[in-house]
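A short write-up of the structure that comes next.
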Amino acid sequence: MDVAYLSEWANLLLRWLHVITGIAWIGTSFYFIGLDNQLDKPAPGNPRVAGEQWSIHGGGFYHKQKYLVAPEQLPEKLHWFKWEAYWTWISGFSLFVLIYWVQAGTYLVDPAVLAMPAWLAVLISAVMLVGGWVGYDLLCKSKHGENEVLLGAIGAGALAVVAFVACHIFGGRGAFLQVGAMTGTIMVANVAMVIIPGQRKMVAAMQAGQAPDPKYGRWGKQRSVHNTYLTLPVIFIMISPHYPMTYQSQWNWLVLLAVGLSGALVRQYFVLRQKGANPVWLPAGAAAVVALLVVLGAPQRATGGAEAPAFAEVQSIVAARCVSCHAARPTQEGIASPPKGVVMETPQQIRRWAAAMRQQVQTEAMPPGNLTEITAEERGKLLAWVAAGAPAD
Ligand code: HEC
């Protein structure tokens, strides 16, 4: 068992953990936001109860009450929600390190974007991760921190800058994941550094017989609202590596920005709907943004145009540029088994993967970081061959 093989298992197990904990975290987060927005007027009796809700789920009836600030007496047992968020970050960050830092030469650096040594890419990536949180946190705590509209505008501007910078120093896929990791880190840090410590202070005050300071509730609520709007864009970014037409587009930084915008619009729609409104222009706006993406993402690069080459030539291009990784036993260092099960050693195998090859070669997603230095002319030939129906000869 070699390192590359074990690292593939680590990749899979971390990803599994990441998806599960992410579901648990975002699931509770969606649930509580929905609950907050759908509270009914409480039955009279307890002036501290601001709203309540009856619901039915899984064969049981539930009765929840929301207290303004806090109940008179702290209950014996209080359920906290934090480990879902923490484990989402721990697993996600480990996965990011395993793929984008350990293999930075393949996944972060793309010489066609900007040539740099792998260690420098990792350093920049780390500085951006920390800097993103520090900048965001300072902004929220600044004198503009309570002006949500201004904060939203600055946040969108900052996202534009970060997306532009990331997409102009890293390969597309690495840039997307870099922005995703930065956003995810901000979301988890909101829980770990603001929401949970604030709640701790509120509980401590009550235990000391004092009234908790409502500012902690306000601050926590603000960060929790921010997390809501970041959720959909982050999930998009996490699945985007499967779709090179997004991260390999020449407008890839605008794709990131548009996705951020449309995700926030859709989320806003659901938030308002839970409050009883039905602002259909929000999802319509999101659909328009996505339509724009589809147009912007349309391949601009040469789609062959040339006459289809003889199959022997295709085979020799694939052998030179793809097979070091896409073989039953890859020779490329760090690749233990053929990526995504794509093996292109025999004529039959090459033809089998022709359609998949088109997308990868056209968007220049493959070879990753152009490790095998395929030329534009060779790309054109492969595409012309696929366009001609991938003839065996
Ligand atoms: C340095 C190794 C390497 C080289 C060289 C390489 N690939 Fe890949 N290929 C990968 C990896 C890694 C993946 C899996 C990407 C991922 O994790 O989504 C992959 C995935 C693919 C996929 C499947 C995409 C999917 O998401 O289902 C296709 C098709 C593909 N490569 C085609 C090619 C072609 C065609 C070439 C040659 C022009 C090539 N690759 C060269 C490493 C390589």
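These residue numbers are counts, starting from 1, taken along the chain as shown.
From the backbone N, Cα and C atoms, a Cβ is placed for every residue, glycine too.
Features reported for this protein in TrEMBL:
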DOMAIN    4-295  domain 'Urate oxidase N-terminal'
DOMAIN    311-386  domain 'Cytochrome c'
TRANSMEM  12-33  transmembrane segment
TRANSMEM  85-102  transmembrane segment
TRANSMEM  114-136  transmembrane segment
TRANSMEM  148-171  transmembrane segment
TRANSMEM  177-196  transmembrane segment
TRANSMEM  228-245  transmembrane segment
TRANSMEM  251-272  transmembrane segment
TRANSMEM  279-298  transmembrane segment
* Structure fact -> Per the Cβ filter (under 8 Å) with a sequence gap of at least 6 from its ends, the transmembrane segment (228-245) is approached by 26, 29-30, 33, 172-173, 176-177, 179-180, 183-184, 186-187, 256, 259-260, 263-264, 266-268, 271, 297, 299, 359-360, 363-365
* Is it true that the transmembrane segment (251-272) and the transmembrane segment (148-171) have 3 or more Cβ pairs under 8 Å, skipping pairs fewer than 6 apart in sequence? -> yes
* To do: Summarise the model confidence on the domain 'Urate oxidase N-terminal' (4-295) as a single mean pLDDT, whole number.
  => 91
* Helix, strand and coil totals (DSSP H, G, I; E, B; other) for the domain 'Cytochrome c' (311-386) -> 43 helix, 0 strand, 33 coil
